Amino acid sequence: MATPVLEKTEPAGSASAASPYITVTFRIRRFNPEVSAEATWQDFQIEIDPKERVLDGLHKIKWDLDGSLTFRRSCAHGICGSDAMRINGKNRLACKTLIKDINPEKPITIEPIKGLTVLKDLVVDMEPFFQAYRDVMPFLITKDTNEPTRERLQSPEDRERFDDTTKCILCAACTTSCPVFWNDGQYFGPAAIVNAHRFIFDSRDDAAEQRLEILNDKDGVWRCRTTFNCTDACPRGIEVTKAIAEVKRALITRRL
Amino acid sequence: MKIHKYDTVIVGAGGAGMRAAIEATKRSRTAVLTKLYPTRSHTGAAQGGMAAALANVEEDNWEWHTFDTVKGGDYLVDQDAAEILAKEAIDSVLDLEKMGLPFNRTPDGLIDQRRFGGHSRNHGEAPVRRSCYAADRTGHMILQTLYQNCVKQGVEFFNEFYVLDQIITEVDGVKKSAGVVAYELATGEIHIFRAKSVIYASGGCGKFFKVTSNAHTLTGDGQAAVFRRGIPLEDMEFFQFHPTGIWRMGILLTEGARGEGGILRNKDGERFMEKYAPVMKDLASRDVVSRSIYTEIREGRGCGPEGDHVYLDLTHLPPEQLDAKLPDITEFARTYLGIEPYTDPIPIQPTAHYAMGGIPTNVMGEVLADNTTVVPGLYAAGEVACVSVHGANRLGTNSLLDINVFGKRAGIAAAEYASQADFVELPGDPEAFVVEQIERLRSSTGTERVATIRRELQETMDANVMVFRTEQTIKTAVEKIAELKQRYKNVAIQDKGKRFNTDLLEAIELGNLLDLAEVMAVSALARKESRGGHYREDYPNRDDVNFMRHTMAYREVGADGTESIRLDYKPVVQTRYQPMERKY
Ligand SMILES: Cc1cc2nc3c(=O)[nH]c(=O)nc-3n(C[C@H](O)[C@H](O)[C@H](O)COP(=O)(O)OP(=O)(O)OC[C@H]3O[C@@H](n4cnc5c(N)ncnc54)[C@H](O)[C@@H]3O)c2cc1C
Ligand code: SF4
Ligand code: FES
C-alpha cells in the first residue's frame, strides 16, 4: 500500500562531499486503531550516518518528520530490552543494529515482533510474554527454615553453571522468532524456559522439581522443535537452544 | 478519570523503587507506578559493582568505607548518613544474595570483591577490594533479582503509568502528601492515586545533557513534580561526569576497565594522567580524570580529525582477561564503534552520568520542605533523592548501595507511617494541572518542535555547565534556558491521539528537563568555589568558609505569576571527619 514519502529535513550541508550521511529508506509497518483498523506500510527517507543505530533512524523520523510514529525504547545500548522489533525480517534490538550492517542500499523494513497483539505501530502487548515468565516461578526458592546469617556459599564452578542464562533482558526477541510460538501462543516460549533454567541450575535453589513439572506440561519444553531461531535472535548471545536442551535432559534424567 | 486508594504508592520501579516495594508490600497495601516496565529501568545499565565492607578477601570495615565516602564527596556529605550507608551496606549485600543475586564468588564460595576508584584501606593508605559484583553487569543482576522477588511477593505494579503531578494539601498549616496524578500510556486516561505515603524513586535527570550515559527516559519527572509543588531541590549543581563514555554516544565504559589496567592516552600516545595524578594516575577520582581529559583536548592533544576525544587503551591486556572481566563493555566497542579492543584503542570522552543532588530527605527517606521540616507522607530514595551520602562527588559503586540501603529504609518508614496515618483530603480539582498541561499540548497550534528545543538545551548544557564552568558560561546557559522555556510555551505535537501517545509524553518530559536545567544552572552560578563535580575555572579552589553548605533551591511564584528560583543553604552534618585537602 503506497503512502506518501516524506521529504528529509536534515541539517544543511549534510550533502557535502565529506559528509558521512547517506539517504536511507525506512519502510515501517504502521497501525493505529484510533485512525484505521488496517495496518499499512509507510516509507520514510532519512539522511543518516551508516554508523548510527536503527533506533537513531527511528528517532529522526519521530523527532523531525512524524511525531506519531510509536515505539518503545529507553537505554539505547542493548541492556533494557525495550526495542526488539523485526528488522528486515529478523528479530533484533533497534539500538543494537547499525544501519551499515543491514544493507542500507535497499529499503529497511521494520515491523513489530510477531505473535503478540500489536497495539500501535511497533508497540505490542507484552503481557502474555511476561505471564509465561512469571509462570515458571522465576525466583530463588530455598528449603532452609532459618535464614543463614551470612551469604550462602557457592563455588565459582556452581556459579558458572547458570551464568549464560542470567544475562537475559526479557526483550522477547527469542520467543517472538519461534514458529511454535507463532502457531500457538500458549507455548511458554524460549525466554520463559531460559529463566527457568537460570534457577533450575542454581545450586542454591531447591525448587527445580516444581519448575521442571511446570515445563513438562503440554505447552512446555517438549514443544520446542530446535529450529535455533531463538539463539540467532538473542541480542545477549545466550545459547537459548542449548538451555532448552539442558532442561529437556534434566526432565529425562529425572524420570530415569 | 479513575481514583485509586492505597496505603503506600511508589513512583518508579528501578532498584530503589523495587527495594522499597519489597518492604512496603509486607507492611501495607502498596502500588508501584512506573513509566517503564520494571526490568527496563536504568539500574540495569550499572556495570561495576556495589560497595560493602564485607572483608571477604582482605581486611576492611565500615568506618573506612564511611571515610572514603566523605572524602570522595569533597566533604559535602552528611556524615551521619554516610555512616548509615556504610554500616548497612553489609546487610544490604547479604539481603540481595539471599534473594538470589548471583554474585561472582571467591574460591571459597564467598561473595567476591574487587577494587574501585576512591575505596581504600585505613583512610587512603592503599586501594581495597570492596566492590561486590557480578561480571560487568551488576546493575542488571540487582534489577532482575529485585523484580523476581517482587513477583514472588505479588507486588502490584501499574506499568507504563507516568506520574505527572504530586498532590499536596495543607492541613492546619502543615503541607501533607495526599497522593499523585498519573497518566496511563496505553489509554491516555488520567488516574488519581490517593495514598497515605508516597515514595519517589523515579531516578535521575541526565537527559538535559547531550553526551550522557543516561537512558532517554531519565528526565527528572519526580524532581520536577515535587519542585513545582514547593518542595526544594538540594545540591542540583553537583553532577558527575564519568571520564570514559564512548565518543559522541556517551555509552558508559566502566571504571573497572581502568581497574583492570586500561590506560588513557592522548594523540601522541602519551599516558597523560601521570601529569595530573602522579600516584593514582588513571584511577584518580572521576572529576579529576574528566578535567584532565578536557585539558588535553583544549590544549590540542585530543585525538581524531577534530581533536575532540582521547583513547582508552586496553590493547596491552590479555584477551582472556577482557573476555572474563569486561565482556559487555568490549562488546559495546565492537558493536557501536566497529573497534576490536584487543588490538585498537577505544575513543572516549567524559559523559554526563549521575545527579548527586535531588529531593532533600533525612535518613529515614522523609522529604524535607525546608532545612528541617518533614512533609508528612512524602518520601524519596535513589538517584532522585539527596540524603546526602554523595556530597559533591559520588564514589563508584556507592549508588547501587544507596538505592538498596535507602530504598529499604524508605519502604519501611513509608509503610509504618501509612499504618497509623489517615488519608489526606484531596484538593478540589486534583487533576486540574495535568489535564490543563495535556490539553494545552494536544490542542497547541504552536510552531516549536520538542526535538529542536531539546537539542538546543542539550547543546547549551554540554557547552556551558559541564566539566568546566565559569560565571560567563553559566550565565550563557541561564539565558539560553530562559529563552527555551519561553519557546516551550509555543511547542506543538503531531500525535493528538490517546493511545500510546509518546509524542505527548516527550513534550512533558522536556518541560521537566527545562525546569531542572534551570535549577542546576542557577545553583551552579551561585556556588563560587570548586568542589567535587562542580568546577569553576574562575574560582578553582574549595572554599570551606563560605560554601561548606548544601544548596536548597526553591521555586517562587510572584503575585503577578512570574516564576523565579530562590536559593537558600543548609548546613552539612559533620561528625568525625574534619575537611582535608582531597589528593589522589
Ligand atoms: C551506565 C551506568 C552505569 C552505572 N554503574 C554503576 C555502578 O557500577 N555502581 C553504582 O553504584 N552505580 C552505578 N550507576 C548509577 C546507578 O546505576 C543509578 O544511580 C541507580 O541505578 C539509580 O537507581 P534508581 O532506582 O534511583 O533509578 P532507575 O533505575 O533509573 O529507575 C527509575 C524508575 O523510575 C520510573 N519513573 C521515572 N519517571 C517516572 C514517572 N514520571 N512516573 C512513573 N515512573 C517513573 C522508571 O520507570 C524507573 O522504573 C551507573 C549508572 C549508569 C547510567
Ligand atoms: S533469552 Fe535473549 S532473546 Fe530471549 S528474552 Fe532473553 S535476552 Fe531476549
Ligand atoms: S533501548 Fe534498551 S535495549 Fe534497546
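Positions of Cβ are set from backbone N, Cα and C atoms, glycine also.
In TrEMBL, the feature coiled coil is placed on B:467-494, out of the ranges B:187-214, B:271-298, B:383-410, B:467-494. Report note: the substrate site is defined by B:His242, B:Thr254, B:His353, B:Arg394, and the residues of the same chain whose CB lies within 8 Å of the CB centroid of those residues, excluding them, are B:Ser213, B:Gln240, B:Leu252, B:Glu255, B:Arg286, B:Tyr354, B:Gly396. Those residues noted as binding substrate (B:His242, B:Thr254, B:His353, B:Arg394) have their most widely separated CA atoms at a distance of 14 Å. B:Gly12 (FAD binding site) sits 19 Å from B:His353 (substrate binding site), taking the Cα positions as reference. Only B:Ala16, B:Leu36, B:Ser399, in sequence order, out of the recorded positions B:Ala16, B:Leu36, B:Arg286, B:Ser399 have a CB under 6 Å from ligand 1. Secondary structure at B:His353 (substrate binding site), taken from DSSP and collapsed to helix, strand or coil, is strand. Checking each of the recorded positions B:His42, B:Thr254, B:Arg286, B:Arg394 against B:Gly48 (FAD binding site) by C-alpha distance, the shortest gap belongs to B:Thr254. Counting every protein chain shown, the Cβ of B:His242 (substrate binding site) has 23 other Cβ atoms within 10 Å. Chain A comes close to B:Leu36, B:Gly44, taken from the recorded positions B:Leu36, B:Gly44, B:Thr254, B:Arg286 by a C-beta to C-beta distance under 8 angstroms. Here the C-alpha separation of B:His42 (tele-8alpha-FAD histidine) and B:Thr254 (substrate binding site) works out to 15 Å.
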